[in-house]
Every structure is written in structure tokens, then in C-alpha cells.
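> Sharing a structure below in C-alpha cells format, with a few things to ask.
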Amino acid sequence: MEFDAKGILKKNNTKRSAGWFKKFQYDEVRDSPSDARNVLLVVVALIAAVTFQAGVNPPGGVWQEGDRVGRAIYASQKRAFYVFLISNTLALSTCILVITSLTYRFPFHLEIWAATASIMITYASAVFAVTPNESVRFRYLLIAASVPFVMRCFGYFFKKYCMSENESQIGGQEEVEKRDGQAGQQV
């Protein structure tokens, strides 16, 4: 940061420092949609791999001996473990939604659906295996896993409903304007 003689931050530097971010944003002229899709798929696949691994091998590991063998050590901190499990599950299910959306109508799309469904089942079984029954209510994990899909459906129906409402309102306004124009011509 540069300051002038009075100690005031120079404004042109602020613009320049904020402008560096723009060159990394998607630009329709410079970037093709297929390049953007490929970048998104790579990023989402990395996030999915990390979240899957964190769910299968929870932070802190699992108990090696005693009456809690194979259970997550982190589960002894109930609230923190809830936050971890719900956030991790939400991240994984969001990644799976993005992957299946970006690969829609690709070759082997059905196989991609089968693989992602298998990943979610594997994730769920691993989480159920390492989580003590008394520490987590699994319905919260199911809700967290379904949130991205439900939000996408609500968005679709909301967009469809709003678009049909707007089109009917626009059509009604055009009809009124047309009648008013015809009435003005008849006078």
C-alpha cells in the first residue's frame, strides 16, 4: 500500500489491488464453457475426495482398544463432531450434485450416477461404522445430504413458476396495450 504525503492511502492502488481478482473470473470472450466445466470438475472432484476421506477416516482416528474399538475418537466431543459430520456430508453431497450436473448427457452418464450413488452409500456406511450410536442422530446427516438436491429442485420449480407468472403478466400487459392502441386508432 502506498500513502501520499498526508498519510492518505492512494486510491489508484486500491483499484489495482482489487482488479487482480478480475483476471481470474470467468470471461465469456476469453474462456470457453467446456474449459470452465473442466475446471469445475477438477475442483469439485478434489473437494469430494477430501470430504470422502475425512468421513471415512475421521480426524483424530478411531479407538484402538477398549469398549469403543473402531469408533471415532472425535465423537467424544459431541457438538464439534456434529458440526464436522454435517458440514462434511453437506460438502460431499454438494460435490456429487455438481459432478452429476456437469456430466449430464455425457457418455456413460448412467455409470457416473451409479458410481456417485455408490460413493454416497460407502460414505454413509463408513460414517455409521465409526460413529457411536449415542452421539449422532443420523437423520441430521440424511437431511444434510439431501439439502443440495432439495435446494436445486426448489430453485428449478421457483424459476419455472416465476417465469410462467412473469410471462402471463407480460402477455396480459401486451394484450391491454394492444387493445388501448386499437381503441385509439378507432377514435
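Each Cβ is built from the backbone N, Cα and C atoms, and glycine gets one as well.
Features from TrEMBL:
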- 35-127: domain 'PGG' (DOMAIN)
- 39-60: transmembrane segment (TRANSMEM)
- 80-100: transmembrane segment (TRANSMEM)
- 112-132: transmembrane segment (TRANSMEM)
- 138-158: transmembrane segment (TRANSMEM)
> Could you tell me what the rest of the chain brings near the transmembrane segment (112-132), counting residues at least six beyond its ends with Cβ under 8 Å?
48, 52, 55-56, 58, 62, 68, 70-72, 75, 81, 85, 89, 92-93, 96, 99-100, 103, 106, 138, 141, 145
> By a Cβ-Cβ criterion of under 8 Å, what residues six or more beyond either terminus of the transmembrane segment (39-60) are in contact with it?
72-75, 81, 84-85, 88-89, 91-92, 95-96, 98-99, 102-103, 119, 122-123, 126-127, 130
> Within the domain 'PGG' (35-127), what mean pLDDT does the predicted structure show?
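Averaged over the domain 'PGG' (35-127), the predicted model reaches a pLDDT of 91.
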